[in-house]
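The transmembrane segment annotation in TrEMBL covers B:29-50, B:70-90, B:146-168, B:180-207, B:227-251, B:263-281, B:296-320, B:346-365, B:385-408, B:420-442, B:470-491, B:523-547 (among others). Residues annotated as domain 'Cytochrome oxidase subunit I profile' in TrEMBL: B:30-491.
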Amino acid sequence: MNTTKANISKQQEGADDVKSLKGTLVSTGIVGAVIVIMWVAVFWLYMTRL
Amino acid sequence: MEQAIQSTLREKANRALGVNLKDAKLSKAYLSVSFITLLVGGILGLLQGLERSGLLELPAWLNYYQVLTAHGILLILIFTSTFTIGYLYAGVSHTLGGLLPKVRKMAWTGFVLMLIGVALVVITIVANEASVLYTFYPPLAASPVFYIGLVFVVLGIWSCCFGVFINYNHWRKNHRGEVTPLLAFFAMGVFVLWFFGSLGVTTEVLTLIPWSLGWKETINVMVSRTLFWSFGHTLVNIWYIVATSAWYVVVPKIIGGRVFSDKLARLVVVLLVILNIPGGFHHQIIDPGISESVKFLHVFMSISIAFPSLMTAFAMFAVFERAGRKLGGKGLLGWFKKLPWGDVRFLAPMVAMIAFIPAGAGGIVNTSNQMNQVIHNTLWVVGHFHLTVGTSVVLTFFGICYWLIPYLAKRKLTPQMNKLGVIQTIIWTVGMILMSGSQHLVGLLGDPRRTAFTTYGDHNTALSWVPYEYVMGIGATLLLIGVIIQVYAVFNMMFFAPKGETEFPIGEPEDDALPTPIWMERWGLWIVLMLMVVAMAYVVPVVDFIVNAPPGSPPIKTW
Amino acid sequence: MHKFEEIWLTLSAGILIIFMVVVGYQTFALGMGPPSEKETIDPQKVDQIAPFNDPGVKKIGENEYEVVMTLQAFGFNPGNIEVPAGAKVNFTMTSKDVTHGFQIAETNVNAMVMPGHIQKISHTFDKPGNYLILCNEYCGTGHQMMSTTITVK
């Protein structure tokens, strides 16, 4: 009884892992970082050239 | 009713028998022109890259700006247009059960019109009668034949636009209450935007013809420039939507995954169609004659175009993560390694997508109002569009070739050809990193675009640019090698690869995906919304240009 | 919509809004907007219309100068300008023929100069040196030669 329960929860974990989008969130975070870094770099150049 | 049965029969036949041969011939014709154009345009690109870095002196009969005009028009207009039509007509034929006979005829008419147009344009450029670059800003005045050639190109494109509208509506009439296939929806978005986006530039060109013939004395330069950019920026976004159609629909199938969300993909198409045309104004941020408040409205409108791409970023990563995890990828980023990196049909569009991260970020910089003063008309901009169009779009197009052409030619992609494609993708990637990277950097130092080799009388600032220009030349050399390999691959797959059946890869939705609501098909509404956004963006400034116009400019030839 | 998707879209839209707020504040509160002069002129009569009938460098205040400049394929008039360090220079420009671009390398001075339109841009030259002025919009076969300098002493 207990083992089946453990099995089910393990299976669910497996399914969760397959369905997980954590990596996607991290990847989009990198996209956001590129956007911010490029923008800030050019903004900084603009400000130093005033 | 009878028609409906016929149409369903055709669809079934299509699926069973593979490609419709008459439709395949049409697409192959467009793709052949496309890759011949790429070869010519690519060679011109290398000439430029070498001249620009001072490594090559062009002969007296060939001017740098002639080469630049031809490179720009051939690659950003002809190569991309013909590829798009070849690819999307194949997609429409495949997903909507074949082209209607009259639609096929319209596409062939478009083909002939475009060829006539290209011939007229190329002749005037070669004759040194049209060194006006692909933006042809008046009062630089080319030969009238150049503008007439452009009209032929546009008419050819329109013929293809209406062909798709007819085929699409025909399918919908026979499939009441059904949502169209996703790839056909993308095609509809592309051709709707293409038709409406080209209305402005057509108006411009039609006013330039009598002016260049001397029938009309002067031209309003600001109106012309604004009409040009309403098209110019829309066009590159059209290429981008064509590329995303493969990202959303084809790539999931190739990697053994599922479409992330059919509804989200359609929403992205609709948003891009509605928001795009005003984007052109950010090319005019440092122009005179436009008030700061109008410019800022356009900063907002341009930046809003980024939003659908942020949605795309999430959707694509999600497709990859799910597919990679299904293949056994573990942990936070283990799925990334599981993707089929050795398959050119995946690798090329994947590099294209990765390139769009800095490319899109650069676009946000360009449109950030006064920050535009740092980069406007410098080589940064050239680096930017060689990342957006030259990499994100073009590498996706290259990747499409490796299944589309075998599919059309009833041949197979061999492992050797796949390997060649992988090598081609790597060469292209390295070439672009060198060329686009150095262009971005040297642009920040002030090196102007569209300028032949010069050190401005050995000015120190200009001399400091030369090392970057060398790197640019090396990148351009690699890119031409990439072009040659690609053109070889295309024609080899079209005529010489082993016979066989190749599938047209269409991704399927997740098993638990919700059905797409039918209201997404309300194209009439999307077009009305698009026209409203265009009106918001353009009515005030264009009326201002016309009402408060200075005396116009006569035609001038400075080359 | 997936929860992570909501997080990403909210965050990224927030970033874009911050960008716009920053450039908008600079433009409308600090007067740092891009060059946007609205005055017009007859492009075929530039030489007869003030101030362009007398192009040159004029001192208009303590260490402030006005440069009235015409651009024409393939040169700037006046050229080889000299100003003292710390000078604020207001450029007032127009084109006598085709579209030109006025750029001073390694500064924020960058403006389109078009026939029929007057364009204005200002810059304070704090650092001494020899700055390169160049045309950054293709204007014809000698476009790569269209340049001059501004020397800050």
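Every residue gets a Cβ built from N, Cα and C, even glycine.
All annotation found in TrEMBL is predicted automatically rather than curated by experts.
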Among the ranges B:146-168, B:180-207, B:296-320, B:346-365, B:420-442, the one whose Cβ pairs under 8 Å to the transmembrane segment (B:385-408) are most numerous: B:346-365
Positions on the same chain near the transmembrane segment (B:346-365), where near means CB under 8 A and six or more residues out: 243, 246-247, 250-251, 254-255, 303, 306, 309, 313, 316, 339-340, 371, 375, 380, 383-384, 387-388, 391-396, 398-400, 402, 421-422, 425, 428-429, 432, 440
Long-range environment of the transmembrane segment (B:296-320) - Cβ separation under 8 angstroms, sequence gap at least 6: 237, 244, 247-248, 251-252, 255, 257-261, 264-265, 267-268, 271-272, 275-276, 278-279, 281-282, 285, 335-336, 339, 353, 356-357, 360, 363-364, 367-369, 533, 537
Model confidence over the domain 'Cytochrome oxidase subunit I profile' (B:30-491), averaged pLDDT: 95
